[in-house]
């Protein structure tokens with residue numbers, strides 16, 4: 001069989017030689033051809049810059065200005081940067097005050113203007129640090145006597161969770177019968193939240209399981225309302241966190257992720273960030289507006305029973321493991337506070353540095369951020385006698401008051 005010209009191996013040549021193989025000759029030519037373009041500079045126009053009207057030297061001038069600005073602050077220290085940003089903030093605040101004064105046609109003195117600027121900056125600093133307190137004493141009504149209350153029965157089974165909006169005009173309740181009710185506080189009227197079909201729940205992100213009973217799967221153990229009153233969050237035995245639109249009373253989203261019953265919920269004040277605690281011993285953070293999972297935090301050795309949060313990215317939780325944890329969400333760290341004797345069942349923030357906890361033996365404990373043990377213990381805070389009343393003869397009630405910061 002004759003080989004084509006230039007192909008195969010020459011007789012007497014070195015075995016395995018590829019000098020005359022046209023395949024390798026062609027590959028070499030291709031590589032040489034590509035290499036002729038490697039050192040060439042190809043000019044191109046950025047499509048974004050072209051759309052914004054920057055062509056050629058215009059775009060070059062913008063880039064040079066940005067580089068000059070970067071070079072100007074390249075050797076800037078952290079202290080100098082803080083000073084520069086503070087001066088810029090002060091300048092913007094003065095400009096805003098000047099515009100407001102012009103709109104009002106006021107002829108205020110410079111000292112009064114400076115006082116307004118100081119108050120504005122102080123308020124902003126307190127908001128950023130989470131130390132703002134609402135002045136509500138003038139709007140609080142006198143407490144009613146213990147005899148002046150009404151009992152409204154709408155649920156068919158025990159009520160397991162309630163929530164109240166920030167403006168105190170709307171209430172929410174959940175029961176073991178799987179129903180969620182929206183209450184008008186002044187009139188006592190209620191509306192029922194209707195669960196959507198399984199197909200709608202699947203489209204909203206829920207992983208539908210085969211429950212023992214459909215009503216049992218919809219049993220909600222926790223409720224929380226956002227600060228703006230727009231969203232209602234519910235959680236229960238179906239292991240999902242459900243988000244409802246308060247205005248339309250419609251189901252918006254279902255967050256899967258917990259491996260056991262969702263036992264407690266709370267919104268971070270002033271935000272759409274939601275914290276959930278579960279019997280699976282984890283705390284998860286969700287962004288309701290973005291409909292997204294943010295992060296989770298661990299640390300408890302037993303079921304989580306209660307959770308609370310203020311404005312900062314901190315979550316306070318208690319559980320059956322007799323511990324209270326302060327979760328620092330951005331740092332993914334936590335501080336552990338250990339109760340003296342029994343399981344903790346409730347907790348709340350007083351401020352960013354002080355907390356309250358309630359245990360199953362009737363003890364209320366006051367905690368400080370810098371101490372791992374209670375600062376003060378009030379034992380038998382609700383001592384119960386045989387007839388279900390307290391030692392002073394009043395019906396047993398328990399409520400913690402929290403500050404808004």
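Keep in mind that glycine also has a Cβ here, set from the backbone N, Cα and C atoms.
If you look up TrEMBL, you'll see 1-10 marked as compositional bias 'Gly residues'.
Look at TrEMBL and you will find 1-133 tagged as region 'Disordered'.
For 37-51 (among others), the entry in TrEMBL reads compositional bias 'Acidic residues'.
If you look up TrEMBL, you'll see 52-63 (among others) marked as compositional bias 'Basic and acidic residues'.
For 64-77 (among others), the entry in TrEMBL reads compositional bias 'Acidic residues'.
Taken from TrEMBL, the feature compositional bias 'Basic and acidic residues' covers 92-103 (among others). Below 8 angstroms of C-beta separation, residues 113, 116-117, 120-121 of the same chain, each at least six residues beyond the ends of the compositional bias 'Basic and acidic residues' (92-103), sit close to that stretch.
The compositional bias 'Acidic residues' feature in TrEMBL is assigned to 104-116 (among others).
Residues 215-225, 227, 229, 232, 234, 236, 244, 246, 249 of the same chain lie 6+ residues outside the repeat 'WD' (152-193) yet bring a C-beta within less than 8 angstroms of a C-beta in it. As annotated by TrEMBL, repeat 'WD' applies to 152-193 (among others).
Within its own chain, the repeat 'WD' (213-254) is flanked in space by residues 160-167, 170, 172-178, 180, 182, 191, 193-196, 200-201, 204-207, 260-267, 269-272, 274, 276, 278, 284, 286, 288, 291, which lie at least six positions past its ends and keep a Cβ under 8 Å from the stretch. Residues or ranges marked as repeat 'WD' by TrEMBL: 213-254 (among others).
A Cβ distance under 8 Å defines the sequence-distant neighbours of the repeat 'WD' (255-296), meaning residues of its chain 6+ beyond its ends; these are 205-207, 221-227, 231, 233-237, 239-243, 302-313, 315, 317, 319, 327, 329, 332, 404-405. Among the features that TrEMBL reports, repeat 'WD' is placed at 255-296 (among others).
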